[in-house]
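These come from TrEMBL:
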- B:12-38: transmembrane segment (TRANSMEM)
- B:140-165: transmembrane segment (TRANSMEM)
- B:186-216: transmembrane segment (TRANSMEM)
- B:345-366: transmembrane segment (TRANSMEM)
- B:387-408: transmembrane segment (TRANSMEM)
- B:420-436: transmembrane segment (TRANSMEM)
- B:448-470: transmembrane segment (TRANSMEM)
- B:482-503: transmembrane segment (TRANSMEM)
Amino acid sequence: MWARASAGVVPGFFLAAALVGLGCWVLPGPWQSTIVAGLVAFFPVWIGVICAAFRFPDGKQAWGWLGALALLGLGLLWLLQMSGWVR
Amino acid sequence: MKLKPATLRTFTSVHSWVGLVAGFALFVAFYAGAITVFQPDVQRWANPHATPSTATLAEAQQLLDEVLAQHPEARDHVGMTFPGYEMAQPMAYWQDSDGTWLFASPGNTAGSPAEPDVAPLPELINELHYALGIPRAGTWLMGVVSLLYGVALVSGFVIHLPRLAKDLFALRPGRNLKRFWQDTHNVIGVLSLPFHVMFAVTGAVLCLLLVAMLALNPLIYQGQLMTASSAAMNTAPTVAKAGTAAPLASLATWHARSIAVAREHGDAAFEPGYLKLAHAGDAHAVVEITGSSPRALGGGSVALDAVSGAVLATQLPGSRDANHATLAATYALHFADYGGAAVRWLYFLLGLGGAFLFYSGNLLWIESRRRRRQAEQGRAQLHMARATVGICIGVCVAVSAAFVAAQVLPMLGWNVATGQRWACFGSWALCALWAARRAPVKAARELLWLAAIVTALVPVVHGIATGWWLWRSAAAGHGGLFAIDMGALAMAFAFASLARAVARRARRDQPNSVWAGTVA
């Protein structure tokens, strides 16, 4: 229980950040126009990820999957930002 | 929807634990928050001058002129409320050189760190609501509680999902008390779910926005969030000083201009509430006027050149950008700042319903762990029962005690702000201590009677202290004063009814329970 809860909180935080970031930057228009909506949406997205973490059979898998998805998401976001494909 | 039994079990224990941890704080937040919905009315009720007449724009102009003349720091940035916005008198506020906020009102322009002519009662209730009365860290604590609350909502919804439609309107009183509390908890939870989801999100935003911004800035905003957020959240553009002096246009000009500009943008009911003025005395002075728009979700604002009165920017309902629309909606939804009195009463009732939701959650937890065949009950259940009674009923006593103190202390000539805190937190601590040392059912009955008595005293001390007895408020058309006194009587009646119900249970009902009269 604790292992899955901490997976939702720690790597889940970075995954939620990546999801919100991708949403805000990939949407058409400048990223500045989604600042408030992104910050507000971050909290329910994080809550959703924390709850989803409990669907994994054990803590190891939860940490592994959420951590990998967070790295992948943030990596993709940074790649898009660096390459200038999103702005 | 079909869920695996293992998933259902996991979510049930997640819901129990998150609910237990956050439930107490949420009870306090909802009980105090329900009252905070009527903050301006509580302000009027607690102020010794119950019905002052609203100041004029000319008096507000004089206040602004004196503050700008006496305080050079205020010339950089100063804020001011228009007369009639939450209070009858205008109030100016600015930061001195070391960052302390100073306040001034007509006839009191020296700048004091305490808000002048403001009764401390509404702020105390508000602090209970957003920080449990804990300075600084309390707000972050409540932010974490909001997140846990969100997790509790999702997990509670998931475990109830298989029986959601079938049991929606089921309320089965009878000998099976677990089923009765379960039904009550579910029906309130499901029917007010949108309201609770909104509060979990907006509560977290209001408490943790700055922390989230600091954390997300390097992660997803390339470190540019702080510079970009100013344009996303303010209306007035950031303008550099010109370095040449120029006189400000009058307050009446700004007031009239903002209404005219709002009207041009289709907002006919715009009512200026407060202003922010930057670079007063400089040729590039900027004023931003924020106002309420009763027919929109959240008010708008108009930024003017404070010298010429020319429009610099607007963010008004119907024509504002996504950032300002989201921000205004977040605030308006949380603070019931839309839809008038009907919505505020709805929030009040849903707020009390929410408090009951958390209370019934604790009762349900105790009831489902009850040992039906023996008198001896588990220690955990006993502690839980004591804590629920002491903290939840205790805070009801404490809030009413603060209301009574707000009227009694000025008569005695004591310091209201300090005395009221002692009354509130002192009575709360005593209630918790009392509940810790008594059989839960006895403590519940006694504290509910205490809550009934203290709450019934609220309209009495108000009448004695100010002469505004409820019939006089009603006859004079002071709906807010009347509603608070009448609401206190209704709450006192409700507490007394609950006390009688608790006594009945101890006498008649099932003996093998932490609520039996025999448990010590």
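Note that the numbers count up from 1, one per residue, in the order the chain is shown.
Glycine is no exception: its Cβ is also placed from the backbone N, Cα and C atoms.
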Requested in this report: Give residue numbers and ranges for long-range contacts of the transmembrane segment (B:482-503): same chain, 6 or more residues beyond its ends, CB-CB under 8 A.
Outcome: 38, 41-42, 45, 396, 400, 403, 441, 444-445, 448-449, 451-453, 455-456, 458-459, 462-463, 470, 473-474, 515
Report task. Determine which recorded stretch among B:186-216, B:345-366, B:387-408, B:420-436 has the most C-beta pairs below 8 angstroms with the transmembrane segment (B:448-470). Result -> B:387-408
**Report entry** Within-chain partners of the transmembrane segment (B:140-165) [C-beta distance under 8 Å, separation at least 6 from its ends]
**Finding:** 1-3, 7-8, 11-12, 14-15, 18-19, 21-22, 25-26, 29, 130-132, 134, 186, 189-190, 193, 196-197, 199-201, 203-204, 206-208, 211
Query raised in the report: Should the transmembrane segment (B:387-408) and the transmembrane segment (B:186-216) be scored as in contact, given a threshold of at least 3 Cβ pairs under 8 Å and pairs 6 or more apart?
Result: no
